[in-house]
């Protein structure tokens, strides 16, 4: 079976309303919903408490914040936290990503262009090339970089001071970071999925910001329940509800809100066609585990998309199990398939 091109598969992921990956739509429309300060940030309480102390200490000492690494699934607030950290420190934020830094000259340009105490946020930091990482080692430890002057046998290395800065790295694959880079982060935080109460608070906050009034609290709970415990998804749902309300559709009744999600192909737990396709594929193998690359070929999705975007939630709710490259559906997953047949 032919596998779709990377471009086609990326476009498909973008079309999924419940994808936790950040889409172009998110980057353009989510900014107004993002909290600006720690006190406005809902969830991740232990991380917030530690950051509050670390930021306050850094400001008192008049020193840059120690380097921070944030990890786990997309959509849980890593980018938002980097924005909040820069606001709380009252410094600038430079945002880039691992794949965007292709040459040593790229990272040198970034490091020499920032100001004292600035925050450098590198998303997908696990995708940095080894030669880029090597430059960061010294930059993170001593705030220096080596620049080659000249060429050929006459080339010499000159050590150059750079502004003291804070690196905030974000990754969905902590194990893919090299040990030397990982060890240079003073603070390593694992972001967890949100609970229903936290998501309900985000729903109400976002509805208020968007001037969308929903009097029925049960509606907020339904939206939270279907959001896969992920703030990015819950904010997408809030904007969809706002759009339906704007054009006069019923969003105040349970039947009205369920009709909206049914039209989107989203079931009671927030699963969509791709989740069900994966579960159905695993179920068709009669309790036999299958390889990730086999599953990828059958459902026509990249292995990274399955592993990083789709599987974390299915694992969290015990619908699937995985060991290394093997995947298998659980009895709980089978039971859900039987009760969600209306969404096929």
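Residue positions begin at 1 at the first shown residue.
Each residue, glycine too, has its Cβ placed from N, Cα and C.
Copied over from TrEMBL, here are the features:
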REGION    14-194  region 'Large ATPase domain (RuvB-L)'
BINDING   33, 34, 75, 78, 79, 80, 141, 142, 143, 184, 194, 232  ATP binding site
DOMAIN    64-199  domain 'AAA+ ATPase'
BINDING   79  Mg(2+) binding site
REGION    195-265  region 'Small ATPAse domain (RuvB-S)'
REGION    268-344  region 'Head domain (RuvB-H)'
BINDING   322, 327  DNA binding site
Three-class DSSP secondary structure - residue 194 (ATP binding site): coil
Stretch-averaged pLDDT - the domain 'AAA+ ATPase' (64-199): 93
Cβ neighbours of residue 141 (ATP binding site) where a neighbour is any other Cβ within 10 Å: 10
Candidate with sparsest Cβ neighbourhood (10 Å radius) among 143, 194, the listed binding-site residues: 143
Coarse DSSP state, helix versus strand versus coil, of residue 79 (ATP binding site): helix
Residue among the binding-site residues 322, 327 whose Cβ has the most other Cβ atoms within 10 Å: 327
Euclidean distance between Cα atoms of residue 322 (DNA binding site) and residue 194 (ATP binding site), Å: 22
Residues in the domain 'AAA+ ATPase' (64-199) grouped by DSSP into helix, strand and remaining coil: 55 helix, 36 strand, 45 coil
